[in-house]
């Protein structure tokens, strides 16, 4: 038995997220089908995280076990032959049997892209959040600093989710303006459900003046989801890297 | 009766080009349906040109006649309400009754985007041509100069097309390298079928060393399609502007 670590880039536009569902097409399903076609055997892939419907990935990591004898250096190309064009295997390597894409993950980096110009090109509609209001980037950067550290992020998680605990460590909330784009980089050891999107939505509320800079600290302390801003749309979000 | 000039941006990925077809969904069909829903009357839109399946537009121009009393400044928004999200009305103005989007056109500018880096992001697959080989941009620029002027461009037209004559005036064939991208700008009074894509394909043959720089002049003089390079894929092509 071999354990294969697979790194995928995908365009999430046409998928109901990563995780398999009965009534919708997901990335996991497409990846499992590709491996099954290649190896001839049933395959269950272990993902590093769920991603929401419409969220993209530059380097999503998953792993799977196989008895296939296909050489390591041929696997990536072989899997790509069976994947649709919006999912691409970027790396494929044999790892020790105890590697687990989710449990072994030490952290993740997400990138969120906002289009803040006058007229968004049509071809960016699935990859950016079109935000019209003028943004005070300096205030957003100041507010973002309150989110770096180890805190109970209950105010920044989807109401429906019930994690064992809501303490997470965020190591970076970067904000850069490049032309018409405002790009958020959020890195942490792990994330609650919708956490990055709620962080972005809340920082945009600071940027447009709806929230004072210091109000972010109050939201964090409140542990109350209703105090934070809206969850920013899925299309702007990209899982950039998973750390091991 | 009013004559309305409509400027559209569209992502051509999911359409079989501009012109109506019986068995495929086209941009023209979507635009006519939107106007019919808005005005309640049958509508035939006059396009400035055909675009191929998968080709995009930043500012495609068309016109249509209507008895609708909707004020000029409300028309754009009203049409957008009925258009799918990959087709967007950008400008909408009432023009004189003798305006004809095709016959009045004085020229067009196309942009063609090649990805020439190591690994193309998945989300660019529908908007770029992924060309792996190393390119000599200076040679391509020298070759491009042969194409600027008024010539019989028979060597650069799709074999199946039978235009009344093949003489066209090209005023610009620009080539710029920006990071991993090579961007072609081709401007002219009018274009033969597939002309821009064949120009790009042929200049790439110069760039990779398959053709000598001066060979372009020989191809042009030959008026023989089989001498030129392949037609570059539709996905990289964007109709950037139509001049009146």
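These residue numbers are counts, starting from 1, taken along the chain as shown.
Even glycines carry a Cβ here, placed using N, Cα and C.
Predicted automatically and left uncurated, TrEMBL annotations should be read as such.
Feature annotations, courtesy of TrEMBL:
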{"type": "DOMAIN", "residues": "B:9-103", "note": "domain 'Pseudouridine synthase I TruA alpha/beta'"}
{"type": "ACT_SITE", "residues": "B:52", "note": "active site, nucleophile"}
{"type": "BINDING", "residues": "B:110", "note": "substrate binding site"}
{"type": "DOMAIN", "residues": "B:143-244", "note": "domain 'Pseudouridine synthase I TruA alpha/beta'"}
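Counting neighbouring Cβ atoms within 10 Å of each of the recorded positions (B:52, B:110), the lowest count belongs to B:52. In this structure, the C-alpha atom of residue B:110 (substrate binding site) lies 13 angstrom from that of residue B:52 (active site, nucleophile). If you take every residue in the domain 'Pseudouridine synthase I TruA alpha/beta' (B:9-103) and average the pLDDT, you get 96. Taken residue by residue, the domain 'Pseudouridine synthase I TruA alpha/beta' (B:9-103) breaks down under DSSP into 25 helix, 24 strand, 46 coil.
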